[in-house]
Amino acid sequence: MLRAVSDGGENLNGSDVGGSRALSHYSMDSTGYSVSFLPKKSLLEEFSSALKDMFFAGDDPLRQYKEQPSWSKRVWLSLQHVFPVLEWGRHYTLSKFKGDFIAGLTIASLCIPQDIGYSKLANLPPEIGLYSSFVPPLIYTLMGSSRDLAIGPVAVVSLLLGSQLQNEFDPKTHPLEYRRLAFTATFFAGITQAALGFFRLGFIIEFLSHAAIVGFMAGAAITIALQQLKGFLGVRKFTTNTDIVSVMKSIFKSAHHGWNWQTILIGASFLGFLLVTKYIGKKKKKLFWMSATSPLISVIISTFFVYITRADKHGVAVVKNIEKGINPPSASLIYFSGPFLLKGFKIGVVAGLIALTEAIAIGRTFAAMKDYQLDGNKEMVALGTMNVVASLTSCYITTGGFGRSAVNCAAGCKTAASNIVMSIVVLLTLLFITPLFKYTPNAILSSIIISAVLGLIDYKASYLIWKVDKLDFLACLGAFLGVVFSSVEYGLLIAVSISIAKILIQATRPKTALLGNLPRTAIYKKIEQYQEVTTVPGVVIVQVDSAIYFTNSNYVKERKEVLSSLNLEVAGRGGRTTTTTEISPN
């Protein structure tokens, strides 16, 4: 328990504390120990100290540069900070390359069919999905600090981007304007991500709690799976809304004349194959390659089947033509002025934050598994720069996906160089193989996406959240219902609102507990949990699980009175008590 400290007015012996000079800098507490006063700081010093504590955890951001003896070493250190490849590249070995090569080939076999499917989810041409797995991974390899993150389009961001873009343009009637707005949104998504990292504002994404993310991802997975029923069932006319009610109405209205049995047969057969291989890969880690290669195998077999049977002549929708060649420049297509500049900015900020949240969460997960440090702010700069370059090279928003990152890790990747191998394979695909996808059925792409997004539904985490914190579960449930029954945007808004509301509630209404002493020890525990504790005579000890400041001071006083009454009931176990109160912050 803390006691009042003397303000220097006592008659202290100068020889004990360093003479008369020490009297102005030291005071004596009740135990006889000297306590030094903190030195006074100017207004500028206090302000800079507060900023340093807030953004740099109290450390001097330039300390490591000041310690270098020459300017050349400082420049080299700066380059290593911006391009981590210069640091780990010096220690790159043949054994590491073998692991990265195998991992790169494995994730390439997974990402090629996924990229085509995700681009259709964003209502973009399939070649743009492949472009997005060529240039962005190369940029990330140079600037990223995660060894396991595999870069490319992801389902949730593709859905979010597609649902927002089609509110402005119809992708069928205005394909060029739609694509321009997509590149504009990608550009501003990158600017937002890089700015958050450069100014060390990454704590902003922490407002989206883990519970809200779990609910949002599960809702997005359900929504994405429902959207894939169009290709899975062979429906021609389908709603543009994403809520479950509109989708189910559209499905049942087309049941009598819009479903194609050949398409359903292809989709159901290969969906079963994908789910079985995925289950085997989870149960037996050594067989992870089965789940990783099964999408590409499915595409090859289904494409061959459609080609030899000419199923496209019997109502089976196919991908048709995919443009051959590498990414064309797209800087001239970005809206840098006009009314669509602001719209692209809004869409880019929202999609960029979601992409950033997913990548940082996945990167930290694998970094903890492999016991290495991940610099969140450096990752934001890398992801932001990557998306800015992506917008200039006909790509849309990319990030680190959980599915391909998990495969990358399981395949034995050692560094981020596995992304380079994947990019080279995608490049070869763009140059030579894209004409072979002409007869790929849309049903197989829908099956691949459905099997991929089912992993986003984490029911175990939801149950754990329910058991631990009911308010957190409310945030999880609110985000899930908002996405499923309204839209991705409203679900995200609900998730953020509930997360912020929880922070405000915890700050203004902190948990309090009455503490008592465990007999024959100097330990104080909550009287509700420990029946043996006794109250301290003359003192009521209250633990507050928050800092005490103006927003919760009155509440703490009210709780103190309630706990004082409770303390009287416990006093019989450990001695008398009075109204004297000490508050012990947690």
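Placement of Cβ uses the backbone N, Cα and C atoms for every residue, glycine included.
The structure displayed is predicted, hence computed values, not measured ones.
According to TrEMBL:
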- 97-477: domain 'SLC26A/SulP transporter' (DOMAIN)
- 178-199: transmembrane segment (TRANSMEM)
- 211-229: transmembrane segment (TRANSMEM)
- 259-280: transmembrane segment (TRANSMEM)
- 287-308: transmembrane segment (TRANSMEM)
- 347-368: transmembrane segment (TRANSMEM)
- 380-399: transmembrane segment (TRANSMEM)
- 419-437: transmembrane segment (TRANSMEM)
- 444-466: transmembrane segment (TRANSMEM)
- 478-501: transmembrane segment (TRANSMEM)
Do the transmembrane segment (287-308) and the transmembrane segment (380-399) come close, with at least three CB pairs under 8 A (pairs 6 or more apart in sequence)? no
In the same chain, residues at least 6 away from the ends of the transmembrane segment (347-368) whose Cβ sits under 8 Å of its Cβ atoms read 146-149, 154, 156-157, 160-161, 164-165, 181, 184-193, 196, 202, 204-205, 208, 213, 374, 376, 379-380, 383-384, 387, 397-402, 405, 409, 489, 492
Residues from the same chain, set at least six apart from the ends of the transmembrane segment (178-199), whose C-beta lies under 8 A from its own: 55, 122-125, 128, 161, 164-166, 168-171, 205, 330, 333-335, 340-341, 343-345, 347-349, 351-353, 355-356, 376-392, 394-397
If you average pLDDT over the domain 'SLC26A/SulP transporter' (97-477), what do you get? 92
Which bits of the chain, at least 6 residues beyond where the transmembrane segment (380-399) starts or stops, bring a Cβ under 8 A of a Cβ in it? 82, 119, 122, 124, 128, 131-136, 139-140, 143-145, 151-154, 157-158, 161, 182-187, 189-198, 202, 327-331, 334, 348, 351-352, 355-356, 358-360
